[in-house]
Every structure is written in C-alpha cells, then in structure tokens.
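This report concerns only the one structure given below.
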2 protein chains.
Amino acid sequence: MVRTSPLPLTVGDLSEGELLDRILPRLAAGPSALLGPGDDAAVLAAPDGRVVVSTDTQTQNADFRLEWPNGYVHTGYDVGWKAAAQNLSDINAMGAVATGIVVSLTLPQATPVGWVEDLAKGLLDAVRSLGASRCALAGGDLGRGGELSVTATVLGSLEGRQPVLRSGAQAGDRLAVAGPLGSAAAGLALLEHGPAYEGLEPALRELVALQCRPVPPLEAGPAAANSGARALMDLSDGLLRDGLRLAAASGVRLDLDPDVLALHARTLKQAGELLGADPLEWVLGGGEDHGLLAAFPADAQLPHGFAAIGSVMPADGGEPGVSVGGKPAVTRGWDHFAK
Amino acid sequence: MVRTSPLPLTVGDLSEGELLDRILPRLAAGPSALLGPGDDAAVLAAPDGRVVVSTDTQTQNADFRLEWPNGYVHTGYDVGWKAAAQNLSDINAMGAVATGIVVSLTLPQATPVGWVEDLAKGLLDAVRSLGASRCALAGGDLGRGGELSVTATVLGSLEGRQPVLRSGAQAGDRLAVAGPLGSAAAGLALLEHGPAYEGLEPALRELVALQCRPVPPLEAGPAAANSGARALMDLSDGLLRDGLRLAAASGVRLDLDPDVLALHARTLKQAGELLGADPLEWVLGGGEDHGLLAAFPADAQLPHGFAAIGSVMPADGGEPGVSVGGKPAVTRGWDHFAK
C-alpha cells in the first residue's frame, strides 16, 4: 500500500515515553552533568559550592505566534533556540556561565512530533552556537495542555566570582552595553506589521531572526565581572525600562548619550522607513535583545564586546531615573509596555 | 460612594511589577538562598559541589480543573501546594534535600489577584509543612497566557551522599514503600465521579485533600539513602507503572506481596464502595501519591516511614517486569494511562 500523503504524526499519537525517546537522543549531556536525564532528577556540578538559577516561560500567542501576520512561520526550532537563549542571558547577566538547562514542555495533542523534535534541535543548537560549552541539557518534563508552552530553567556557575547585581552602580561610573539595541523589537514590528516575509531582503530578515533566535553575548557577562563591573543586567524589556530598574536598585540616575543612541537607531533605519516608525523608539523601548547593561568604574577598561553608552549620575533629589543627554527620558517607548 | 459588590481585582489590572509586589512578601527566602528574588537570577548554596534539579508543570484542565464535577473548587492554594510537593518529591527520590524552588506562572488576564496570592501562600505552606526547612523560594517569572500554568523547578543538595538511582536494585533485595498507595487516585475519582463534595464525610474529604495537596514523606528519601537503599524512585504514575520503570532500569522483576496490597486497598474500601470501584486498582494503578518506592539489601533495617511491600527477583528470561504474588501483574490499572 502506498501512502502518498500521510498525516503527520502528532503528540497525541505517542505515549510520553515514546515522545521522550524521540527527543532525548537529540540532546547531549554537557561536561557539567554528573547525572543526565532519565531518573527522578538530574545532578549537575556546582564546583564553587554555589549555583545560579533562573527560569522563564514562552507561551503560544502571548510570546510567539505559530504564524505571524507577515506570513513568517515560527518553527519549533525558533522556540527551542529562544528558550535556551533568554535563560542563558539571565545567567550571563550575573557574570556566570551556564552549567545546565531543564525544560518543561506543555503540548496540545495535535502538535506534530516533528515540531517537538525541531524544538529539541533548536535548544541544543543555541547552547552550542552561543558558546555555552559547559551547559548540559539535563532533563525535563512533558505534559499536555491547550496551548504550547515551554519553560526553561537554567543553572550556572560563578566560577568563584561574586555575582554582579543590579544594585552596585555608583555615580561617576561608565555605563556600557553589549549586544544590539532595538533589533529584536524591529524584527517584531516586521513580523506584526511588515510586508510579506518572503519578499524581505536579507538585512530585514536578519532583524526577524534576532527576534526569533536572539544571540546573547555570552562571553560578555563573565568578562564584565572579571573587569570589575559594579552592576550588570540582562536587557530583556528595553533599555529605558531595564535601565530604570538598575537605577532604582542602585539609587542613581543613568544618563544615556544621545549620539550613541542615534548610532544604534541608524542601524535600524531601513526597517523604520519601511514601517513608518522612529527607530529610536526601538532602541530605547524595545525588548528581547538579551544584551547586557553594565556600570564600570570610570577608570576601568571596557571588556571586549562592550561599548560606552552613557554615565551614572547621582539620583536627582534622591529619585532614581534615566535621562538622555541630561533630559528626563519620557518616550513613547514606555507605552509599548504600559497598560 | 459605597461599593457593595466590587469586582475582584484581576491580573489584567496590574503590571508585572505590581503583581510581583503582592506575591514576593508572601515568600520567604530560606537559609540556602545566597541571593533571593529581584535580580536576573538567584544564587543558592550547593555545599557539596553538586546540585540536584527537577522540573514539573501543572496546566489547567490537563492537571487540575478550577471546579471539579463534584463541586470542589480547586484553589490557588492547592495549585501552589502541589507545585511544591510534586517537585520536592523528585528531590526526595534522589535521597537529597531541597535547597530552593523557582516558579514560572502563566496567567490569563482574568485571573483574580487573590487567586495568585493564594498560590504563593500554598507554595510557602507546603515547603514549611512538609519539612523542607532548607528550601528557599528563590524567584520566578510571570507571564500571560490563555490558560493557567505553573512550572516549578526545585534544586537540592545530596549532602555528600551518592544519589540513589532507579537502576541499583538487585535480586534478593527487599522492596519497600513510604507514603500512601492509591489515596490520590481515590481522591481524583471522588472529584470526577463522586457525590457532591459538600456532603462528603471527613475520611473521604481527606482523600480529595491528598489528590489536591499531596504529602510526600520528605524525611524518607535521605533516610533511605543513609540506610543503604540501592534503588529509589518517586511514585507519581502508579505502583505498577513506576515499578516497571525501576525494574527496567535495574534489569530485575519486582514481586509485590498481595497481602500488603490488600491492606492498602482496605484503607480505600469506603471510597471504593461509594464509587463501585475496586480499590486495588487505585493501589496498583493510581498516580500522584508522591511516596517512594525503594529496594534495600535483604539484611538492611527499613528506615522509619518505610514498610515492606515485596521483593526483588531476577528478571524472567531477561525480561524486566512486575508481578503480584509471583503472577504477572496485568490489571486494569494500566488502562487509566494507556491510550
């Protein structure tokens, strides 16, 4: 019998064990896994007697769409990559290196098995490509639900260093950024409001890629810690919003250099023109870049990957804040998130 | 103006920060938290240079209903308690003690804020009441979605011991169980098919409580490890199903004592009569008890909390399996899970 157009195998066709058998071989235990998947829990090395931990969830329609308005089909590979990347970024933002990831998947019965296999591949490729060479894919959990949801929890090692918190910035420090600013937001705008994905030229597709498969600069976190960074955080909710958090935790004002912001905006000029948007709004308000914001002592040399973006000032009248060229930063960027 | 019946405040009425402010004060950092919630990641102690990790998700309608057919209203407190309990059980099943939990919540906009506050309370109460005294509530993540979903990831310390795996059972070992067998399944049957919850007598409500707020015996795991247990696992999917996993990992047959099984079944007699069900099916096939199944050397004294339930035999013709009184165990219990 010839089946010319078989229906794709779905999650509902398999038992949990059968589905796991299709995913686990795609994952590889890293050098930090003392015990990998398959028992009640995994065991990871924590060589300096401490472990860093962070968790993050992506949910269908809230955090990604299976198909975007511009026609881009969001793949399992994208979801797996981003699950790894955004969690690895949180570990990076402590000045730590990742030692392991566990993943919990909630899957509707109709999810194609191939989509889930693709997710496992994206997860593994992100860990490898982003340079998290000590990170083990240590295990996870599978369950059924009405919508796709992926929670990754990543563990990390400080390698004997002190964690670099949001609260250590001091007036007089240099403010610096690693990674892009606004690219992921420009990519999101293209997905939501742009012309057909198929017709986009490569530079614009690259912005979509940075939204779907962010590239956190994983060497920059430990490098910042080793260079004496006094404060460090992941840029996941936009420069202004995250900057205000760092400013509040440190009791300071962050003053951003308008010329540097303009430089970042210029890299997004083409997307801005296409969409009739001001790229500066993406630079200041756009989330999900997963770069780093750091404060360094004024005399410190910025480590590889960081570029200056402003300076740390005393809080005006005790009120923490973010300013641009000395003027209070109140841009429409904020409205992307406000209720 | 008097508002006699105000609408409850929902998640959609608050920003993520405002919602976090209402949850975090309910959580308490434990002694293992070197850095608690509020930064990009938490830092926990890992005193013996290793960390045990496990993750598990509960999703609305797949793992719990907000209101059950018998009228029982599942509370945020129940969901929080169970999120902690089922993850703590996985750490227990390695012979470890919990050092920290991180939680990722996915919430529909219409979720009452009180429900989420209640979840935080249930999580904290479970950690305290179950005796996880070193466990910190270290942080988490909030997001929006179409259905309620809670993923907890728990970390643990082996306190210098070797993890007790599923694979160490040897022919001749004594098989023992800690915790109840079938109670959670009987509770589930009452929720799904029983008479109105309001009319249930206390002993039957207790079964419902064990389904909604399981009580893993958290001292039994480390005690088993200290008593030389050769294999150990969490009973989350039922004695036969989990027993077969242990048997397969160890390459043995587990032989269960029918008299002990009958004793367990007798404790569920009232529920069985009410529902016209055979309690032995709950004992053999029912999940979510979150007790422990262990294999001890024949001459070992069973630690407090464990009771003998059978013995470990050579695998018949090399084929691992589970038998009851020497006869292959094929009961309808399996069908609760089969497709």
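Note: Cβ is positioned from N, Cα and C throughout, glycine not excepted.
Quick look at what TrEMBL lists:
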DOMAIN    B:38-157  domain 'PurM-like N-terminal'
BINDING   B:Asp40, B:Ser54, B:Asp90  Mg(2+) 4 binding site
BINDING   B:Asp40, B:Asp90, B:Asp234  Mg(2+) 3 binding site
BINDING   B:Thr55, B:Asp56, B:Asp141  Mg(2+) 1 binding site
BINDING   B:Asp56, B:Asp90  Mg(2+) 2 binding site
BINDING   B:Asp63, B:Glu288, B:Trp334  substrate binding site
BINDING   B:Gly140, B:Asp141, B:Arg166, B:Ser236  ATP binding site
BINDING   B:Asp237  Mg(2+) 5 binding site
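A map of TrEMBL features onto the structure.
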residue  : record                 : CB count, 10 Å
B:Ser54  : Mg(2+) 4 binding site  : 31
B:Thr55  : Mg(2+) 1 binding site  : 26
B:Asp63  : substrate binding site : 21
B:Asp90  : Mg(2+) 4 binding site  : 29
B:Gly140 : ATP binding site       : 27
B:Asp141 : Mg(2+) 1 binding site  : 21
B:Arg166 : ATP binding site       : 22
B:Asp234 : Mg(2+) 3 binding site  : 28
B:Ser236 : ATP binding site       : 21
B:Glu288 : substrate binding site : 22
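According to DSSP, B:Arg166 (ATP binding site) sits within a helical segment. Considering only the binding-site residues B:Asp40, B:Asp90, B:Asp234, B:Asp237, B:Asp56 (Mg(2+) 1 binding site) has B:Asp90 as its nearest partner by CA-CA distance.
Here the binding-site residues are B:Thr55, B:Asp234, B:Asp237, and the ones sitting under 8 angstroms from chain A, going by CB atoms, are B:Thr55, B:Asp234. Considering other CB atoms within 10 Å as the measure, the emptiest surroundings among the binding-site residues B:Asp40, B:Asp237 are those of B:Asp237. The two recorded residues, B:Glu288 (substrate binding site) and B:Arg166 (ATP binding site), have Cα atoms 18 Å apart. Here the Cα atom of B:Ser54 (Mg(2+) 4 binding site) is found 12 Å from that of B:Asp234 (Mg(2+) 3 binding site).
The two recorded residues, B:Ser236 (ATP binding site) and B:Asp141 (Mg(2+) 1 binding site), have Cα atoms 26 Å apart. A mean pLDDT of 95 is what the model gives for the domain 'PurM-like N-terminal' (B:38-157). Within 10 Å of B:Thr55 (Mg(2+) 1 binding site), judged by CA to CA distance, lie the following binding-site residues from the set B:Asp40, B:Asp63, B:Asp90, B:Gly140, B:Asp234: B:Asp90. Nearest Cα neighbour of B:Asp90 (Mg(2+) 4 binding site) among the listed binding-site residues (B:Asp63, B:Arg166, B:Asp234): B:Asp234. Cα separation, B:Asp63 (substrate binding site) to the residue listed as 'Mg(2+) 5 binding site', rounded: 13 Å. Neighbour density for B:Asp56 (Mg(2+) 1 binding site): within 10 A of its CB lie 24 other CB atoms from the protein chains shown.
Here the C-alpha separation of B:Gly140 (ATP binding site) and B:Asp40 (Mg(2+) 4 binding site) works out to 10 Å.
Cα of B:Arg166 (ATP binding site) to Cα of B:Asp234 (Mg(2+) 3 binding site): a span of 10 Å. On the backbone, the CA of B:Asp40 (Mg(2+) 4 binding site) and the CA of B:Asp141 (Mg(2+) 1 binding site) stand 10 Å apart.
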